[in-house]
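Engineer: Once you've had a glance at the structure underneath, I'll fire off some questions.
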Amino acid sequence: MGQKSRKIETMIHYLILAVLALLFLLPLLWMLFASVDPHAKQALKVPDSVTLNNFKAIITDPKLIRSFWIGLLISACQAVLVVIVCVLAAYPLSRYKMKYRKSFMTTILFMTSLPMTAVIVPVYQLFLHLKFQDSLVAVTLFLTASSLPYAIWMVKNFMDSVPLDLEESAWVDGATVLQGVRKIVAPLMLPGIFTVGIFTFTGSWGNFFVPYILLQTPEKMPASVTIFQFFGSYGMVNYGKLAAFSIIYSMPVVLLYALSQRFMSKGFSMGGASKG
Amino acid sequence: MEIADSRVKVKRLSDTKKSLLFLIPSLILLLIFFIGPMVLTFIFSFTNLALTGAAAKHTEFVGFENFTRMFEDPEFRTSVWNTIVFVFFSAILGQCLLGFLIAFMMKEKNVTFRRIVGLIIIAAWVTPEVVVGFCWVAFLSDNGTANWLIGLLGFKPVAWLFSFPMVSVIIANVWRGTAFSMMVFQSALDEIPKEVEEAAHMDGATRWRIVTSITIPMVKGTIATNLMLVTLSTLGVFTLIYTMTGGGPGVETTTLPIFMFKQAFVSYQLGYGTAISLVLLAIGAIASLIYMKILKTKV
């Protein structure tokens, strides 16, 4: 009896999961099919003929290509800045007994979960005031600051698991603190650093809200904003091109996600390094 | 060796102060772009700050005027209600519960099957928010896939985004966010030792009994943290709703972030807009404090 009901339960689970997976797949499948369909419509349909013209139209449009480069520039600069700044900040937080360390970390944790959407109005006002408006540099810095709390939190925890004795032996050999961080600590926590970097890049690449509000000049807009504008002006008419644009735009984050899985699966076997 | 050791100690002590320098870049960035704006939110919400009109030239403190206006504004009340509905159905019922159920059902299933199902659900999560918006606008449009599907079941087509706009954005948000909860719960469920459940089974406990009195209590902490994290991130959702419905039709899908955007950047009432963000920030801060409390009891 128990065996049998267990088997039925397993079957039901498989069935429900299969249906759910199919439902989750449909919107994505539509995008894939529409992108190669010369006559793409709103409904999911296997294309009668396959074309790459939709993709060609997107990658030959200099305006769109430009927005891809700008998006890449913002996201890459932000990711690199976040990594450098948060590794620096995590170091004393992880290594030294400071008076305010605990309250600092609590504040950081508190900040990680605040909805950043909420501060955009005063940030906009601040940008107006400081003449930062429409500045790609300022937007990148703002985005960097907004991802710092979680980055510091994560990197500090990664760093806690890097043993101190390795660093100490480097000091004995005459290395400065900064050299110790660069040559010993950072390489040992590379998986953690890459995780934070990839996470930051992905978030930034998909961020539509911040550039949409803080930038004005159409030529300065990153891909997340141009794809929205493209949707507004052609989307309802040309579904094929929109789908192709969406796929090209999603590619970097999909690839990075796959890459990050590599890092994750390698695990963090840092404890062993000091014994070896 | 002894000398070297003490030299290292001296080095560590003398460098303690110096290494505070390491914190300076973070502190500057956080002060200018994070803490500063938060303080400004507080100050601006008591002013009549505006981009156009008479108030644009003379910004003054207006006391609680923005707040009294807000509480009398029917649109504000609607957007608070919409936010509650959106968060409850898409974050708590949708993402958390569905994520848990998927993770639970995936337990001890065929590895290849698990991998394929997981990959599809995660693909939705990896897709950028704007693209998710388009996919769902197309999916739910009059001639879209959703109407084709219900047509197969014998139902008449529905103008989803006009007749059921809130349902539409909730479904889209569940689609996008479930993967996160699923992954969180998968790793939590994997950590439960098999023996515990087996022992209960031996003792004659029913399946339902095992789930409710063993499995769920064992991942209680994870459920609580995940619930808070998902609630917090759903509270700030702007892009998905903005691309799908723009907060409409009328104000039917106007949540607090959309309402704040409309007031500040469409009507240019920055003072009023910041008062709304202060409310959003306060809700977020409370949720965040609860979340920290849960974390502490868990660790």
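Any Cβ shown, glycine's included, is placed from N, Cα and C.
All TrEMBL annotations are machine predictions without curation.
For B:20-44, B:80-104, B:116-139, B:159-175, B:223-245, B:265-291, the entry in TrEMBL reads transmembrane segment. Look at TrEMBL and you will find B:81-291 tagged as domain 'ABC transmembrane type-1'.
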Engineer: At a C-beta cut-off of under 8 Å, are there same-chain residues at least 6 beyond the transmembrane segment (B:223-245) that contact it? List them, or none.
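Structural biologist: Non-local partners: 83, 86-87, 90-92, 95-96, 99-100, 129-130, 132-134, 136-137, 161, 165, 168-169, 172-173, 176-177, 180-181, 184-185, 216, 252-253, 255-258, 261, 280, 283-284, 287-288, 290-291, 294-295, 298.
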Engineer: Can you see whether the transmembrane segment (B:265-291) and the transmembrane segment (B:20-44) are touching - at least 3 CB pairs under 8 angstroms, only pairs 6 or more apart in sequence?
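Structural biologist: Yes; at least 3 Cβ pairs under 8 Å.
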Engineer: Give the nonlocal contacts of the transmembrane segment (B:80-104) in its own chain as ranges (CB under 8 Å, at least six residues past its ends).
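Structural biologist: Sequence-distant neighbours of the transmembrane segment (B:80-104): 117, 121, 166, 169-170, 173-174, 177-186, 188-189, 211, 215, 223, 226-227, 230-231, 233-235, 237, 241, 251-256.
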